[in-house]
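Enquirer: Below is one structure. I have some questions about it.
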Amino acid sequence: MKNGNDTKNNSQPTLFERLGKTEGIASIVDDVIETHMNNPVIQKRFLPLKEQPEHLALIRQHTIDFFSAGSGGQAQYSGKEMPAAHKGMNIRPEEYMEVVDDIMLILDKHQIDDDSKKDVLAILWSLKGMIVAQ
Ligand code: HEM
């Protein structure tokens, strides 16, 4: 259709859909958190959350909502903005790269296609300045 009235049926799936919607994103987030906890470069940042299960559950839900909202889903993100969420952590660029690598590894494990991986990478890259050295 040329006039765009049929965009809903003709449009490509959103990134949210390509990541498996809420269920797929929740499963990706769970695997990413576990991978971070086993990554020797960044595990110190995440392991303390194991001792605070309620706080961990909140961070997990916020992260699911963050990626859902940012990829075209309907979720409302109610966590902190990125600079505030990482304030005082003084995250090094190397640590940021480990987080990105872990996420790419898990996207592979979930058989997310290359274009969608690039879309996620672009989002992560756009946030780098709000996360490193805050
Ligand atoms: C682009 C990459 C990143 C994104 C999109 C991201 C996203 C988030 C989100 C959405 C939250 C939840 C905030 C809230 O609940 O208010 C969070 C918390 C957290 N992030 Fe990140 N993050 C990134 C990189 C990093 C890096 C590189 C580290 C450290 C190596 C890190 C460590 C943490 C920790 C420890 C928390 C929990 C903070 C707390 O206990 O309140 N993040 N992040």
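Using N, Cα and C of the backbone, Cβ positions are placed for all residues, glycine too.
Annotations for this protein, taken from TrEMBL, read as follows:
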type: BINDING; residues: His62, His86; note: heme binding site
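How buried are these features, and what lies next to them?
Expert: Reduced to three states, the DSSP call for His86 (heme binding site) is coil.
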Enquirer: Hey, what's the Cβ neighbour count for His62 (heme binding site) at 10 Å?
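Expert: Result for His62 (heme binding site): 17 neighbouring Cβ atoms inside 10 Å.
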